[in-house]
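Read through the structure below, which is laid out as structure tokens, and then see the notes.
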Amino acid sequence: LICIHCTLLAIVYKVYSVEQIPLPISIASCWTLWSIIACFVTLFLLKFVVGSCAAGETYPIASWSYLHKVWLRQLIVSSFHYAWLLPTGHDYLYPFILRWLGAQVEDDVKLAEIDTFLSYPTNLLKLETGVTSFADILLVPTEMTLPGDHRLDCITLGSHTNLGNFCSILPGSHLVSYTMVGNLTRITRETNSNSGDVFIGVPARAMPFQMPFRQATEDQIKTIPFWKTCFSHYISKCLLIGIYLSCGLVGGSIIHTITVCSFYRWSSYVDNKIIEQIIGKLGEDHRIFICSFLGNTQWLIRLFRAYGANIGNNVIIPDFASIFDYNLVTIGDHVRLNTSADISGHTFEQRVWKVAPVTVGNSCVLMSRSMVMSGCKLMGNNRLYPFTLVMKNDLLQPNTQWKGLPAQSYMAKSILSQSVPVCDDVVKCQQKSNNVDRLSLWYKQILNIYTNVNELQFMNWGYADLDEHIDDNTGYYSKKLYQQVLTNVTLTDQNILEVGCGRGAGAAWCVRTYAPHSYVGIDPSRDIINLCQQCYSTTPRLSFTIGDPKTHLSFQNESMDVVLLIETTNSFDEIEAVKKFVNEITRVLTPNGYFLWCGLCNVDGPSVLIDYLTANNAFIIKEKINITTNVLHALDIQSNSRADFIDRYIQPADQEYCCLLTGLPGTQSYDNMQQGRAEYWRVVFHKNMTKKTPLI
């Protein structure tokens, strides 16, 4: 490669040494010629030196095959990286280049950058009609096997697939037609896609909304012939060299900056593609030669203001690439952006250009690789953790912290897994009452301390059909348990009360799925209710309040149509607590109301809550179904992900209680169900209208 680069320099030097040619024209000609020749050399080396690969091949890292097929390909592409700045994004030549290198590329494929596709074994690529990729995507060339070898495999992108910024596609991935991959998302061979799916997250998770069908609209990604690209490249280099030769290094930098800022402000009025490309090339050179030295300085802030951004005082931005669409961005005072944080005022989904203003309030912190999309408003004093994606048009309330893909509210506590304070709390509570269940206390500690809503959103054990076997770590089986409990009961336009709402994910899912008139979740813990209110404050018809079902429910008589209780009967083992609870739910339920319950019952022993509900004639059992087998199956499916959660976040001294809480195989609760000593029931109780409702 060194010899090749020296040969290229020798060729372009021959052009430079021609006399009677003005210096700017000579250097610009050499620059353009070097870029063209280097691109052809790159393709020649990839085609005839590196060659093709076979799907399923495995290379030990210390082997000639790995060096030849993987490492050398990466070296060639990175070595000639700057030559590939000659073509612009979504160049019409990219599909032809990939076809020549062995890729299966159909019509109307538009790629923002070709480097990442050249770095992948091109004969293992299949891009169907209408595929669109955007900037900074990553096609991971190999995946690591358990023995530590590198395995290659095919990547298939179905028709009209969209790949968002900074997404990663691993070998073996197969996306069906009309799939959208969001920013910062990782796709693997385990990702199962359906037409219209929108994937976000690591690992990729299908969102509850789908990619809309694109009507026959004008494609807003335009391309121009290659000769025009070369011509605009040549003219831009002539202008660049002319500016610095005539004005010197310092004066040239100033004139270059003024020129680029002026062109940017007037670019919306330019309708000529060649002029647009010349402006873009000058801006690209400005980012490379000048902006690289301005990061984390106030000079960069002044430059953004010159471009049209509205930025306050005492703001630190690490890099010029941190902000796009400057005239749409408003940043308050004392804001901090870390390396690779990103604020963008546009989207290009399905090749349709859309813009919306972005506002980042005072004292916000955007950590590394966090992204704020168009239309978002950060109201102030917000913290975005690394790799957080704030979706379009999101509104982040002041004094909140956010984490995950997509962003969800996060309340950081001082120390997650200190076991000593937990033990101290348990001892104190036992001194107050010897009958308090330590598992119940530990449940509260988990909810209070570990508040990352991206993981373990649902605490219930779940329900799985016997033919289901995939754990996508999205709470799918916990939602199915809710679905089972709510079967045959109408919730639409009803008033719902959930006792022991936990972190609120189940309540939010029920509101979105069943559209009740109102849905109230209660819990005795102030911290849990604060978390629920923070996470779901914008969800209509959903509210949370502090309430202890063992003492008093702060609701009017006959104000609720349905009362829901999921797996919290361990709190009702005392007869006095059960009596009070039954009286309260009888009071708040309408005459035709339902009490829905699911949980464990001992086969040989009494179940205080269920026995009292039926014995005092307050309720009539409308439906009682044993779902033990399905719950055990759900626990088996989720065991790996939940055990991984416990290993990563819980101290060894406390893991036993957390395993019991999550129902992992091997725990007493799981073994009791498996061996027939306990059964898991779901029951529908109908309020007995002949029973007089107690008044308060």
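The backbone N, Cα and C atoms fix where each Cβ goes, glycine too.
Fair warning: this is a prediction, and the values are worked out from it, not measured in the lab.
Look at TrEMBL and you will find 497-596 tagged as domain 'Methyltransferase type 11'.
As annotated by TrEMBL, signal peptide applies to 1-17. Panel annotation: around the signal peptide (1-17), residues 26-27, 29-31, 33-34, 37-38, 41, 75-76, 79 of the same chain, lying at least six beyond its termini, place a Cβ under 8 Å from a Cβ of the stretch.
If you look up TrEMBL, you'll see 23-46 (among others) marked as transmembrane segment.
Summarising the annotation, TrEMBL assigns transmembrane segment to 238-266 (among others). Through the fold, the transmembrane segment (238-266) approaches residues 23-25, 27-28, 278-279, 282-283, 285-286, 289-290, 303, 306-308, 326 of its own chain, all at least 6 residues removed from its boundaries and within a Cβ separation under 8 Å.
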Residue counts (helix, strand, coil, in that order) that DSSP gives for the domain 'Methyltransferase type 11' (497-596): 37 helix, 31 strand, 32 coil
